[in-house]
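TrEMBL has this to say about the protein:
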- 459-480: compositional bias 'Basic and acidic residues' (COMPBIAS)
- 31-435: domain 'Ammonium transporter AmtB-like' (DOMAIN)
- 454-487: region 'Disordered' (REGION)
- 29-50: transmembrane segment (TRANSMEM)
- 62-80: transmembrane segment (TRANSMEM)
- 116-137: transmembrane segment (TRANSMEM)
- 149-170: transmembrane segment (TRANSMEM)
- 176-200: transmembrane segment (TRANSMEM)
- 221-239: transmembrane segment (TRANSMEM)
- 251-272: transmembrane segment (TRANSMEM)
- 279-296: transmembrane segment (TRANSMEM)
- 302-323: transmembrane segment (TRANSMEM)
- 335-356: transmembrane segment (TRANSMEM)
- 391-409: transmembrane segment (TRANSMEM)
Amino acid sequence: MVNVTYDASGDLNWVDGDGKTVVYNLGDIGFVIAATALVWIMIPGVGFFYSGLLRRKNALSMIWTSLVSIGIVSFQWFFWGFSLAFSETGSAYIGDLKYFGLKGVLAQPSIGSSRIPSILFCIYQLMFAAITAALAVGAIAERGRLGPIMVFIFIWTTIVYDPIACWTWNSNGWSFVLGGLDFAGGTPVHISSGMAGLAISIYLGKRRGYGTERLAYKPHNVTYVVIGTILLWFGWFGFNGGSALSANLRAIQACIVTNLAASVGGMTWMFWDYRMEKKWSAVGFCSGAIAGLVAITPASGFVGSPAAVVFGVLGGTACNFATQLKFVLGFDDTLDIFASHAVGGIVGNILTAFFAQASVAGADGVTVIPGGWLDHHYIQLGYQVADSVSGASYSFVVTTIILWVLHFIPGCRLRASEEAEILGIDDAEMGEFAYDYVGLDQEPGHAIDTSAVALGGSREPDHHAVKEKRSSTSSIHEKNAPVATEA
């Protein structure tokens, strides 16, 4: 039986095995519960954001991927993920199995803060793990198989996300002990997912028609992009503000800089895009807002409001220009995950070294840090660079290894067949569509070998047959849309 009572003020009291009483403020507990729900809603937000950017024949698969990330990572976190990331008895690189199956995780103070119980900290951090996986696997868009991605998510969360979270936020972690500052996930969430997305993009190779007008399509549903951005921006108040793990002044300040960086980032990206087409782009604003949110994430509990403007401008600018790297380096990053999250996370980590202030961090009445360059603590830049480079290189290398190990396991190869790509991942892998008319709107003249699609590309497509049966009009929508095509 859990030994809990309430005192005269209504606070929750827990007595440990040595008779020591720990007091939990119900306001703080309620605040973190609400923050947990806010971060949860970000995960399908990622799905809608990604879905809207694609062609409609692949739209549902991205929403599916975000929901499946919640399911798989929730089990993984219960099974051993939380223990590998946050056990107090772990090493500087990864935890042990002290909390395997959440054994012993209940009313004792959490490793993140003594103000909330461990079980609450566990489910709050679960949401970070789940959204990181959802961000990373967006890189399979339009050419990845859905079955193997479920295996990938479990493995990747275990041996990529959990170790990076451990060294960043666990009190034993090497980056934490060194003095690295990462309030809400610049390295564990954004750099790790962005570099994993890059590794997946390189492994999968280019989509069919890459480098031609066939892929010069506009997002099929800008409304989905806007809805996804709304859910992400809304949830980010729990993502950054909730990372204070208490309803205090530091949490409020984190919310202020989060909103300001997103606003400035959105405007910055939109202005940069205006120079190209002289159009005010909703997609551009949404992309910039996400870039600003990514950049401010590691710094949100350490910097003042004026600094948030710098994070928004530099985050929006750097991520905007980084979208061109895929053309220079020749990889097909369909959703610009590397440009938005890896580059944005690195920018945020580096800027944290310049603008972190001890006075802001101390607004919670507990945290003591030497600050960054504004506080004349110049070595902080070295700590931030070390953390960023380590997280980026570890995620990229280990993700690549996972992909190639799965490549040689029967049934686990991630690349879809050419037939599946032509048909659309929604139909080929799910048999369902985001819109009921998509199934009637495939390419005329294509004879899809459904046996090959069902086998997930286990045999080579008949390129000759596809070429012979292809009509002069590759898609119904080529007639109606001057830019977009459906395959």
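Note that Cβ sites are derived from N, Cα and C of the backbone, with glycine treated the same way.
Note that TrEMBL annotation is computational and uncurated.
Keep in mind that this is a model prediction, so the values were computed, not measured.
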Highest-contact recorded stretch vs the transmembrane segment (29-50), from 62-80, 116-137, 176-200, 391-409, CB pairs under 8 Å: 116-137
The transmembrane segment (116-137) touching the transmembrane segment (302-323) per 3+ Cβ pairs under 8 Å rule: no
Recorded stretches the transmembrane segment (149-170) and the transmembrane segment (251-272) touching, at least 3 CB pairs under 8 Å: no
Per Cβ pairs under 8 Å, the stretch of 116-137, 251-272, 279-296 packing most closely against the transmembrane segment (221-239): 279-296
Remote residues contacting the transmembrane segment (251-272) - C-beta distance under 8 A, at least 6 residues beyond either end: 31, 183-184, 233, 236-237, 239-244, 280-281, 284-293, 295-296, 299-301, 303-305, 307-309, 311-313, 315-317, 319-321, 360, 363-364
